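To start, the structure itself, in structure tokens.
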Amino acid sequence: MHHTSSAYRWFLRFNYVILTVIALLCLFPIVNILAISFSSSAAVNAGSVTLWPVDFTLSSYRYMLENNQFIHSFGTSLLRVVLGVSVNLLFTILVAYPLSKEAATFRSRTAYAWIFVFTMLFGGGLIPGYLVVKEMGLLDSVWALVLPGAVPIFNVLLMLNFFRGLPKELEEAAWMDGAGHLRTLWSVYLPVSLPSIATVTLFSLVGHWNAWFDGMIYMRSPEHYPLATYLQSILQQVSVQNENVTFEQAALLNEISDRTTQASQIFLSILPILAIYPFLQRYFVHGLVVGSVKG
Amino acid sequence: MKSKNRKFPVMAAALVLSIAFSGCSNNGGNNSTADKEANAAPAPATANAEVQGGPLTKYDPPITLTSTMNETGKETLAEGDTHANNVWTRGYEDELGIKVTYDWIVADANYNDKMNVTLASGDLPDVLKVNMVQFEQLYKAGMLQDLTEVYDQYASDLVKEYYSEEDGAALKPVTKDGKKYAMVSYGGSLDSSDMVWIRKDWLDKLGLAEPKSMQDIIKIAEAFAFNDPDGNGKKDTYGISLSKDLPINGFLLGYHAYLETWIKNDQGEIVNGTIQPEVKEGLAELQRLYKEGVIDPEFGVKDFAKQMEDVNAGKAGMFFLPQWAPFQVKDMIKKDPTVNWVPYPVQSIDDQPAKTQNHLSLGGVFAVRKGYEHPEALIKLLNFQAEKMFGESAATERAKYLNGDTGLGFQNAVVSNLPPNKNVKAQDEVEQALKTGDTSKMGLEAKLFYDDIQAYRGGDLDKWHMERIFGPLSSQGVIKYYRDNDLIVMNEFIYAPTKTMNSKSATLDKLRSETFVKIIYGSLPVDDFDKFVTNWKKLGGDEITKEVNEVVKGQ
């Protein structure tokens, strides 16, 4: 109300214009992919598709529905996300809660915190990681995608700082009423932490959905690929242009490299994340701590 | 691609380390068994040979063999088959008594990364399908079986014939001190020939003759840019289509410049064609053409797919690609049958004939893990594939194994090798048959190509590419012309990348492509080519040249 100066109105307009442009820039590739997926491959190869399908056809979607691999991978990815996000959340909360306590209550807190931060800064490397997963007998199972990243330290730090920002009075009140740590965590901390839980959920959700490299390294056959690995493999295949391509390879690529099919798969693969965003977003909008302490 | 290159040295280092470590830790046990086998080897080997001497004799009882697979041929599997269980694996088991299983199956794009991890973890499959770099590492680590004897003893005549083509070039890269440490998949070098693709319909429309010299090529390119070949009244066409990867070999060859090719100079030394003065002449002409507006002004930001989009949209009348180019433009013909892409041999700027530059490239290297009891099984698998596709049983069984006669199902064989340069031979037969109408003397594959061409001539536009690859006026026809007139410069270096190549090639490639694009754009003067040559030598080029000469002379 108090911002009615004309400078502020100009600032607002300017803001809207910039944000609209940025939003359009983000939307453009998605719309382009969508248009390609509905176009004929001849039109796509001639580069005549931008924002609207040319020679509208559903053939790429039909082909995909017959393609077991896509559906398989989609299922693997869903399973991975459900398992992965649950495991991540469980550990994030269980690790963040004790670490959020004062050193007076939890004496070796600093030492533990450093151990966790250390793993954030230094990794064991690809080959040792592979050997560990292999020796644990996890190769080719969905757990190889879930367990190596079970404790996302960055999320832990986020959560930890959020817990520390909570009013001390909340915890004290719970103690007064005779609640132990678990009870405090479950009945007091978690209900007021929904915004940050939503945040870390989103992070690990997107992370799991998009991760492709581990799928490639740990899976023994493409039937077990998560969706991102599968997409990566079909999209990279098409890069042929050198003189070492034989007639047979060219003939084969001619059969499999169809940009319309790729586009339809890319588009379907972003749908789940697009669908989940709005549901998580409402938690970002209103924080729940407001009004929990009356004084 | 970039990220791959960055990752690679790390992986290579890890691999070397792990091999070193496994040398310390678990090899104690392995070594002693290997020794025992070595001591005991002579007797059973000969005994085996007597029992199962033939190239295709069945093992009884069956043996097992593990390997790895890329799923390139997924689309060519028969209904209901998988990579783990298909017509090939069943054939191996039923006819050879070899039970082939795969440790992993992976998409082609990820194969190398996956193999690097496998090698590093030390858990090797029996048959190692690797690239040259990995082969070299395995060889140096002493992890490969010498295959010389089993090859001599077991390889079928067909397989031996394929490997003896081109002076036995195929097995040279994997031969060390006269011993063969791997088999390879080698399609011959002829398919890598460069050529010039021109829209003949535009030539005809503008009343231009077919090119006979480099001067003609340049004139044609200019006419395509300025004389409105598509007849829409707008200046919206380019003479020459390029991409940021600079597919300019077909142009530079007109100046006798051999980009990225190791050639012998007059002193008998091997030098890199990229830094020779002929390249400079070619670049100068490209710079001039670019300034004139003959080349797409945006080529420096276009990748191959974008370049082909322009070509398919009818914006360009000339490009330089190898024999498979028709696959890239076949949709265009389906939309407009008057479009007519025709390949021409590279043309010369002076009285010296222009030659193509060819490379020996291996489609795969198949080695056997040291300590595997049946190294000859690898040879038998190759015999089997050759027999089913080209041997006596091909007439009845080829269709089954390839999933249709023209199928590409050989991609699903655990190891496969095609007859080198078979395509140009097939073209010859096709051309004869089209002339005489006599198809009785044709090979199996040539007949299939012939049928495709007849289908195209009968109106099936989907088969146009076969006419331009195998017909009388075709890319394989151009290759035949090169072959018969001795117009081929072979890359002298056919071995695994040298040490400095592994560490410096990426830098040098980047330096080259950046400098060349800038020179063509005109933002650098042509004389900066000399500066590029100095830098190239300093940044590892000299070192690489030295190594290349050592390797080639050492063979």
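Glycine is treated like the rest: Cβ placed from N, Cα and C.
Sequence-distant contacts of the transmembrane segment (A:70-99), counting only residues of its own chain at least 6 positions beyond either end whose CB sits under 8 Å from a CB of the stretch, comprise 64, 106, 109, 112-113, 116, 142-143, 145-147, 149-152, 155-157, 159-160, 162-163, 181, 185, 189-190, 197, 200-201, 204-205, 208-209, 223-230, 265, 268-269, 272. Residues or ranges marked as transmembrane segment in TrEMBL: A:70-99 (among others).
TrEMBL lists A:74-277 with the feature domain 'ABC transmembrane type-1'.
Here the transmembrane segment (A:111-131) has long-range neighbours at 95, 98-99, 148, 151, 153-154, 156-157, 217-218, meaning same-chain residues at least 6 beyond its ends whose C-beta is under 8 angstroms from one of its own. TrEMBL lists A:111-131 (among others) with the feature transmembrane segment.
The feature transmembrane segment is assigned by TrEMBL to A:143-163 (among others). For the transmembrane segment (A:143-163), the list of distant contacts is 80, 83-84, 87-88, 91-93, 95-97, 99-100, 116-117, 119-120, 129, 132-133, 189, 193, 195-197, 199-200, 203-204, 207-208, 211, 214-215, 218-219, 226: same-chain residues at least six beyond its ends, Cβ to Cβ under 8 Å.
Marked as transmembrane segment by TrEMBL: A:184-206 (among others). Same-chain neighbours of the transmembrane segment (A:184-206): 81, 84-85, 88-89, 92-93, 97, 152, 154-155, 158-159, 162-163, 166, 170-171, 173-175, 273, 276-277, 280, 283-284, 286-289, 292, counting only residues six or more beyond its ends whose CB sits under 8 Å from a CB of the stretch.
The transmembrane segment feature in TrEMBL is assigned to A:262-280 (among others).
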